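Following: one structure in structure tokens, then a few remarks.
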């Protein structure tokens, strides 16, 4: 064989080997339909270069799992590998959860308790495979290998080199204390990058020329650029190591609200900050959140101090006291301090006033809690109307802040004159009439004691007889009293006093009133006792306590604690009683009910839904404190499958609208209320019978969270934990989309 032919044959052989290797690599990088990852198996989908992995992960200090993409390079230690994308934000997953690329081409996240809780919504897009690219982008591909969905289009809190960020996308910082953070990065209509807290407090803006249709782009050499439609940079910022040889970089909106560019330093095996948007961390709005005012320590690091007061809670919160001041109010002065109002994060601006006028304006305004005077060219007075105040303090600041406090009362009254007894009054003299009086009094007391003892013995004997008749009223091991049907008849005077549908008032032998519910169902005794035992073990201040039950032959009754003022429904329908439901009371009822349902969903030994939440099943105690009753009956009547967290959330949204508006027709009410809110007339939704007005911020939070709860797509509805945080004012909530018939595409996706 000629030498030339031998070399040619050898070259062909090597090319075949290389082509085979390349095809194998491509095949290994593609993920076929019906592929599945689970927490139990701890498997992952890895990019061809091994730098990124998609799967379930958790941190050592966080037991809950998430699913997403993290760095996976062998050159980065495990504790330094960072999460670059999370599916479905901060969803809490059960131990049997899994993610799957379905036969229909949809990437879904399935939770063992809640079902499908996140999806790529690509069922109709002819997806045939998935792939995790070397740049960390998870993509879904059709037959032509075109990308029909990619994780780069739905960023979490991180941008990777090669990833575009447009006006329609948002980075949201992670949070350790709640499901979602207040801090976001977005691009405004002028093509500027902006950092904001909540929805409208902007504390950093990039310096780009005003232009539309721009997109941000992180380059591999460490530059963040704003590019036009022709991919031409119109504005750039550079990290300290720009153009240096760096293997890995990323841009992240951190938990503290600052945007930072990181580079991997190979010699030290650590991530290094090479640029950050806000140099002075105290200038990030609400850097201290609820924990005080931002100051710098001697070491130069920011710290949070509370010059006002901490609440007596397990988690300390720095609040301005707003207790009624019997002794009047005073203004405490804080030099070199700038304060912002939070919840709501809006201040009233009064221009061209003096320092003393600013102080007087707040002191004489009952709703003002604090004020900041700033004279940086224009004398301004910023007045706050919330207990939640944040800000920063620095010796270089010229701002002066005032905080309203109760004036301290005088320890003694200087006008009060005391007289000392005269020596004559101090002398001890024998008093014969006094002796007779004392003796008479002792005799009367003796007679009364004898009569009381006789009455007690008589009453005790009658009680013993009555207890003999009530043979089953002693509590069982779960603290529940077990009653026979004949005992229930005696307690209720043969079910004489009806207080609700199949609900009767009764009185126990100890004179304690109870509410007795006739379930009117047929259920096996053992199953019934087991279900009742679980309900009886639940204790929460906003849940009506189950005190006992009846399980005799075909009779199934539950015995609840009695609420003096009856149901919320009765108060809403009665023209006189409804006036007692002020705005404050109605808002408190919403919050109390939310806390109760949140407890059922998250804090019981096993998940429990209410299943039938409505105003009729919310009762009011003596001080109109709300308690939820008839919870968990789905377990008793074997209809647990009909109840779910999502249904409770929807029912809660309906109940909020009924409480706010005082109307009962929920169907038309939802659409009408949403229209009024969208057109800027939320006050029209408020019940006109409410006296004393309403709180606009509380109304806004109530309506927003109610409309989120009423979303047709259950996956959009918030958890009850999020609902509680929104109503408390410690979690922001975005404007909700139409919750009604406008979600056509989502409904189509649910069709089989």
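Each Cβ is built from the backbone N, Cα and C atoms, and glycine gets one as well.
In TrEMBL, annotation is done automatically, which means it is predicted and not curated.
Each residue of the domain 'Bulb-type lectin' (30-153) gets a DSSP state, and the totals for helix, strand and coil are 6 helix, 51 strand, 67 coil. Feature annotation from TrEMBL assigns domain 'Bulb-type lectin' to 30-153 (among others).
With helix defined as DSSP H, G or I and strand as E or B, the domain 'Bulb-type lectin' (156-274) counts 0 helix, 53 strand, 66 coil. Per TrEMBL, domain 'Bulb-type lectin' is recorded for 156-274 (among others).
Look at TrEMBL and you will find 278-319 tagged as domain 'EGF-like'. Secondary structure of the domain 'EGF-like' (278-319), assigned with DSSP and counted as helix (H, G, I), strand (E, B) and coil, comes to 6 helix, 11 strand, 25 coil.
Residues or ranges marked as domain 'Apple' by TrEMBL: 325-406. Summed and averaged per residue, pLDDT over the domain 'Apple' (325-406) gives 87.
Taken from TrEMBL, the feature domain 'Protein kinase' covers 485-752.
Under the heading signal peptide, TrEMBL lists 1-28.
What TrEMBL lists as transmembrane segment is 435-458.
Across the domain 'Apple' (325-406), DSSP classifies residues as 9 helix, 41 strand, 32 coil. Taking every listed stretch (30-153, 156-274, 325-406) in turn, the largest tally of C-beta pairs under 8 A with the domain 'Protein kinase' (485-752) is reached by 156-274.
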